[in-house]
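Trainee: Attaching a single structure in C-alpha cells format; questions to follow.
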Amino acid sequence: MSTIFGIPPQALFGQLLLGLINGSFYALLSLGLAVIFGMLNVINFAHGALYMLGAFVAWLLLTTAGIGYWWALLLAPLVVGAFGVVLEKTLLSRLYKLDHLYGLLLTFGLALIVEGAFRHFYGVSGQPYPIPDLLRGGQNLGFMFLPNYRGWVVVASLVVCLATWYAIERTKLGAYLRAATENPVLVQAFGINVPLMITATYGFGVALAGVAGVLAAPIYQVSPLMGSNLIIVVFAVVVIGGMGSILGAVLTGYGLGLLEGLTKVFYPEASNIVVFVIMAVVLLIKPAGLFGRER
Amino acid sequence: MATEIHAVRRETAAPATGRPAMPGLLALAVLLLVLIAAPYVLYPVFVMKVLCFALFACAFNLLIGFAGLLSFGHAAFFGGAAYITAHTVKVWGLPPELGILLGTAFAATLGLAFGALAIRRQGIYFAMITLALSQMVFFMALQLKFTGGEDGIQAVPRGHLFGVIDLSQSMAMYYTVLAVFLFGFAVIWRTVHSPFGQVLKAIRENEPRAISLGYRTDHYKLMAFVLSATLAGLAGGTKAIVFQLATLTDVQWQMSGAVVLMTLLGGIGTLFGPVVGAALVVTLENYLAASNLPVPVVIGVIFVACVLLFRRGIVGEIAARFGGKRP
C-alpha cells in the first residue's frame with residue numbers, strides 16, 4: 001500500500017477532512033464575531049454559549065416536539081438570533097458609550113449565565129443527536145470514505161460564509177453597514193436607522209453561531225460545554241486573521257482547521273496548541289493579523 | 001469612545017501625589033489588624049484561600065487598574081507557578097520557600113514572553129491574545145507528563161520553612177501566607193506610588209500623549225505586565241503549598257475570569273478593592289458550593305450587574321461617596 005510522507009492516505013485524508021470540518025465551525029463563528037465587532041465594537045464572548053444554545057435548541061425541538069433537523073436548521077438560528085436581539089436591546093446597548101472592554105466583560109458574564117444554566121439542568125454529559133435520514137451513509141471517493149453529513153457541513157458552511165461575504169461587500173445594505181461602521185453619525189444623518197441596524201447585526205451575528213450549533217449537533221455531542229473551549233480557539237483565529245476583514249475571518253478559519261488536522265497526523269501532541277503557536281508567530285511578524293489593517 | 005472608564009478611574013484611583021493619603025493608611029492599618037486576628041475567628045484555611053486570591057487579584061489590578069491593560073490570561077501565571085512549585089517541592093524535594101521562588105520565577109519568565117507578544121496589540125485584542133496564550137498553557141498542563149493530567153499534582157508536602165518552621169501547623173502556615181501577601185501588597189503599593197506608577201497612569205489615561213512626552217510606553221507596559229505576572233505567580237505558588245495541590249482548575253480560563261470579577265467587584269484601580277472583591281467571591285463560592293444554586297450562574301449575574309450598574313466596584317463606590325474628591 002502506498003503512503004504519503006510515511007502516512008497511509010486514508011489517515012491523512014481522514015484527518016484533513018476532520019480539520020476541514022473544524023475549520024467550517026471556526027469560519028462560521030469567527031465570521032459572526034467579525035460581523036458583530038465591525039458594527040458594535042464588541043467582542044462577543046457569549047458567542048460560544050450561543051453556539052451551544054443553537055445545538056441545544058435543535059436537540060430540544062427534536063426531543064420535546066419531534067421537530068427534525070431541517071426545521072431546526074431554520075428555527076434554531078431564529079431563536080438564537082431573537083435571544084441575541086433581546087440581549088442587545090436590554091443590556092449591550094447600555095454600554096456603547098463606554099470603553100469596549102465593558103462589552104467583553106458583559107458578554108463574558110452572559111456566557112457564564114447561559115452555560116451555567118444549561119449545565120445545571122442537563123449536566124456535563126453530552127446528548128446524542130441523530131444524523132438526518134437524507135444525509136446518512138457516505139461516498140467512497142477511492143482514496144477515502146466521505147460520510148455524507150460531513151460533506152454537507154463543509155458545503156453548507158461555505159455557502160453561508162460566501163453569502164454573508166457577498167451581502168456585506170457587494171450589496172447596498174452591506175454598503176450602509178460598512179459606512180455605519182466608519183461613521184455612524186453621518187449615516188444616521190442620511191436617514192438610516194443606525195440603532196436598528198446595530199440590533200439586526202448582532203441578531204444576525206449570533207444567528208450564525210446558532211447555525212453552526214445546529215450543524216455541529218449530529219457530529220459532536222450536544223453538551224453545555226461544547227462552546228466554551230471552542231470560543232478561545234476562535235479568538236485566536238480572529239487575532240490571526242485580523243478583525244478588519246470578513247474574508248480574513250473565513251479564510252483563516254478554514255486554513256487553521258486544515259492545519260490543525262495536518263498537525264494531528266504528523267505530531268498529535270501539538271494539535272491542541274498549534275493554533276496558539278501560529279498566533280504568536282503572526283503577532284511577531286504582522287501584529288494587525290494576516291488580513292487586518294493597522295488602526 | 002473610551003471616555004467613561006477613564007473618568008471613573010480618575011475619581012477612584014489613589015491620589016496622584018507621591019505620598020499615600022491618610023484614609024489609605026488608615027484602611028491599611030484596619031486591614032492589617034483584621035488579618036492578624038482573622039485565623040482566631042475564622043477557619044484559617046479559608047482565610048489563607050482569601051489571601052492567595054487577594055494577592056492574585058491585586059496583581060491583576062496592577063495591570064488593569066493602573067496601566068489600563070485587561071489581561072484575560074492571568075490564570076496561566078497563577079496556575080503555571082502552582083504547578084512548578086508543587087513539582088519542585090514534591091518531586092525534587094525542595095524546601096517550600098525555594099519552590100515558591102521557582103514558581104514565581106517561572107511566572108515572571110512566562111510573563112515576559114506573553115507580555116512581549118500581547119503588548120503589540122491593544123484593548124480587546126490584548127485581552128484575546130492573553131486569553132489564547134494562557135489556553136496554550138492549559139493544554140500543556142493537560143498533556144505534559146509531570147503535571148499529572150486531569151489529576152494534577154496532589155499531596156504536595158508543606159515542609160519546613162527555612163528548614164525550621166513546620167508549615168503543617170495551620171497557624172505557622174497562616175502567618176507565612178500573610179507575610180507573603182503583605183510583601184506582595186507592599187510591592188504594589190510602592191509601585192503605584194512611585195514615578196514608575198505615575199507613568200503607568202499617564203499611559204492609561206492617554207498613551208499617545210505619554211509617547212509624545214518621550215516615554216517608551218511599550219517598555220513601561222511590558223514591565224508592568226511582568227511585575228503583575230510575577231506577583232500572580234507568587235500567589236499561585238503559595239496557593240500550591242497551602243492546599244498541597246496544583247490542578248487544571250488553576251490554569252483554566254475560568255480562573256482568569258474569576259480574577260477579573262474579583263477586581264471588578266471590589267473596584268478597578270483601587271488598592272483595596274481587589275482584596276475586598278477576592279474575599280467576597282471566595283466567601284460566596286464557599287456558601288454556594290453547599291447550596292443547590294448553580295455557582296456559575298450566580299457569578300455571571302454578579303458580573304453582569306457589576307458591568308451595568310456599579311462599574312466603580314464596592315471600594316470605588318465608597319471612595320467616590322466619602323471624600324473621594326480629587327485633590
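Cβ coordinates come from backbone N, Cα and C, glycine included.
Automatic prediction, not curation, is the source of TrEMBL annotations.
Found this in TrEMBL, in case it helps:
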TRANSMEM  B:25-43  transmembrane segment
TRANSMEM  B:50-78  transmembrane segment
TRANSMEM  B:98-117  transmembrane segment
TRANSMEM  B:124-142  transmembrane segment
TRANSMEM  B:172-192  transmembrane segment
TRANSMEM  B:222-246  transmembrane segment
TRANSMEM  B:258-281  transmembrane segment
TRANSMEM  B:293-310  transmembrane segment
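Quick one: how deep are these features, and who are their neighbours?
Mentor: Counting residues 6+ beyond its ends, the transmembrane segment (B:25-43) has Cβ neighbours under 8 Å at 51, 170-171, 174, 178, 181-182, 272, 275 in the same chain.
Counting only same-chain residues 6+ beyond the ends of the transmembrane segment (B:98-117), those with a CB under 8 A from a CB of the stretch are 73, 76-78, 80-86, 88-89, 129-130, 133-134, 137, 180, 221-222, 225-226, 228-230, 232-234, 236-238, 240-241.
Counting residues 6+ beyond its ends, the transmembrane segment (B:258-281) has Cβ neighbours under 8 Å at 8-9, 12-14, 24, 27, 31, 50, 53-54, 56-58, 60-61, 64-66, 70, 72, 74-75, 78, 185, 188-189, 192, 299, 302-303, 306-307, 311-317, 319 in the same chain.
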Trainee: Look over the recorded stretches B:50-78, B:172-192, B:222-246, B:293-310 and say which has the most C-beta pairs under 8 A to the transmembrane segment (B:124-142).
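Mentor: Against the transmembrane segment (B:124-142), the leading stretch is B:50-78.
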Trainee: So which residues does the transmembrane segment (B:50-78) touch in its own chain, when a touch means Cβ under 8 Å and the partner is 6 or more beyond its ends?
Mentor: 9, 13, 35, 107, 110-111, 114, 118-119, 123-124, 126-138, 177-178, 180-181, 184-185, 188, 191-192, 197, 200-201, 203-205, 220-221, 224-225, 227-236, 238-239, 242, 250-257, 259-260, 262-263, 266, 268-271, 273-275, 277-279, 281-283
Trainee: Please give the sequence-distant neighbours of the transmembrane segment (B:293-310): residues at least 6 beyond its ends with Cβ less than 8 Å from one of its Cβ atoms.
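Mentor: Counting only partners 6 or more residues beyond its ends, the transmembrane segment (B:293-310) has Cβ contacts under 8 Å with 258, 261, 264-265, 281, 284-285, 316-317.
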